[in-house]
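Q: I have a structure here, written as structure tokens, and I will follow up with some questions on it.
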Amino acid sequence: MTQSLTIRRPDDWHLHLRDGAMLAAVLPETARHFARAIVMPNLVPPVVTGAQAAAYRDRILATLPKGMNFEPLMTLYLTEQTDPDDLAAAHTSGLITSVKLYPAGATTNSASGVKDFDKVRPVLERMAEIGCPLCVHGEVTDREIDIFDREAVFIDRVLDPIRRATPGLRVIMEHITTKDGADYVAANPEGLGATITVQHLMFDRNDMLVGGMRPHYYCLPILKRRHHREALVAAATSGDARYFLGTDSAPHPTHAKEAECCAAGCFTAPIALSCLAHVFEEAGALDKLEGFTSLNGPAFYGLPVNADTITLSKADPLDIPKTLPAGEHTVTVFDPGVPLHWRVTR
């Protein structure tokens, strides 16, 4: 039985760092284990220009504790007013790594997102020309569509037409939550990848709802049925390089999560790798963990893998802190619901 596993240092291909006191609180939790992360641009106001991306990157680097080695990979928030020239300049210079598409109203701070996809077609065409990837929050927001069906409908109504109209565009389906999403990636070998979160590999909607509502498991896209979770585990542990880790670790003050109308997001960064080792061990696929966390993402983005390594060791259950101080507030750490025996030891 494997008791120790050394892998290339991982990257997180979907991360929320926030800003200000929250940024200062959560950044070390990612930088401790991850070398790079795709940083989400849905601040208030959102990061919509190259200048704003540069300023946000500078704030992140200024906040990074001394001695920690971490590279934020910046993104732009796509709007119907996005300037293709500004976007192209930011990407060509290496300032941004990708562009994020939020359908308006789909998730936290997405009000500035896209309503009319025809209005962003010229931008998408420019992105295809310059090789800038598009990260997609894949849900429709029509009120008549059930929240549990929004991903599948998005694939049919929005994503597939976008990809057919812009065949050179490289697309990342972020935080896929359904068998539909996993199957769509599997059926489209060129220019399409997908990130998968910790919570969607560990839990289904019963874990969130049965016996009482657990707000710290509430995220968007929402947890789905068990067979969808099983399909995600199969995809993540398959060794297929089109699937890679994007934690979507999304911190909110505890009072905003434990509220009558609670915020969406799970703060998984402190224990993400321990959770993943548990999932992959349960699936008999520890040998595939390095690909999912450390190799597949760089391959899709055309970036080098990290030179350094980390070691995960199996021992007595990990002592998981319940909360993390964040300025005047606290952030509740994701509860895995089971003892975690794997931890990063070096």
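Just so it is clear, glycine is given a Cβ too, placed from its N, Cα and C backbone atoms.
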Q: Given that Swiss-Prot assigns His137, His175 to the Zn(2+) 2 site, pick the one from Lys66, Lys100, Lys224 that the record assigns to that site as well.
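A: Between Lys66, Lys100, Lys224, Swiss-Prot records just one in the Zn(2+) 2 site with His137, His175, namely Lys100.
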Q: Quick one: which of Asp207, Asp240, Asp248 does Swiss-Prot put in the Zn(2+) 1 site with His14, His16, Lys100?
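A: Within the candidate list, Swiss-Prot flags Asp248.
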Q: In Swiss-Prot, the substrate site includes His16, Leu17, Arg18, Asn42, His137, Leu220, His252. Which of Ala53, Ala54, Ala241, Ala264 does it also list there?
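A: Site partner of His16, Leu17, Arg18, Asn42, His137, Leu220, His252 for substrate, according to Swiss-Prot: Ala264.
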Q: Given the recorded Zn(2+) 1 site (His14, His16, Lys100, Asp248), which additional residues of the same chain have their Cβ within 8 Å of the Cβ centre, ordered by sequence?
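A: Neighbours within 8 Å of the Cβ centroid, excluding His14, His16, Lys100, Asp248: Leu15, Ile38, Met40, Asn42, Cys135, Glu174, His175, Gly246, Ala250.
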Q: Starting from Leu220 (substrate binding site), work out which of the binding-site residues listed here (His14, Lys100, His175) have their Cα within 10 Å, and give them in sequence order.
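A: Near Leu220 (substrate binding site), where near means Cα within 10 Å, the binding-site residues are His175.
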Q: Out of Lys100, His175, Asp248, point to the one nearest Leu17 (substrate binding site) in space (Cα versus Cα); all of them are recorded positions in the record.
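A: The smallest Cα gap between Leu17 (substrate binding site) and any of the recorded positions is with Asp248.
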Q: Which whole-number value in Å describes the distance between the Cα atoms of His175 (Zn(2+) 2 binding site) and Asp248 (active site)?
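A: Distance between the two Cα atoms comes out at 7 Å.
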Q: Between the Cα atoms of Ala264 (substrate binding site) and Asp248 (active site), what distance do you get, rounded to the nearest Å?
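A: Just about 11 Å between their Cα atoms.
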Q: Out of His14, His16, Lys100, Asp248, the recorded positions in the record, which is closest to His137 (substrate binding site) when you go by Cα distance?
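A: Ranked by Cα distance from His137 (substrate binding site), first place goes to Lys100.
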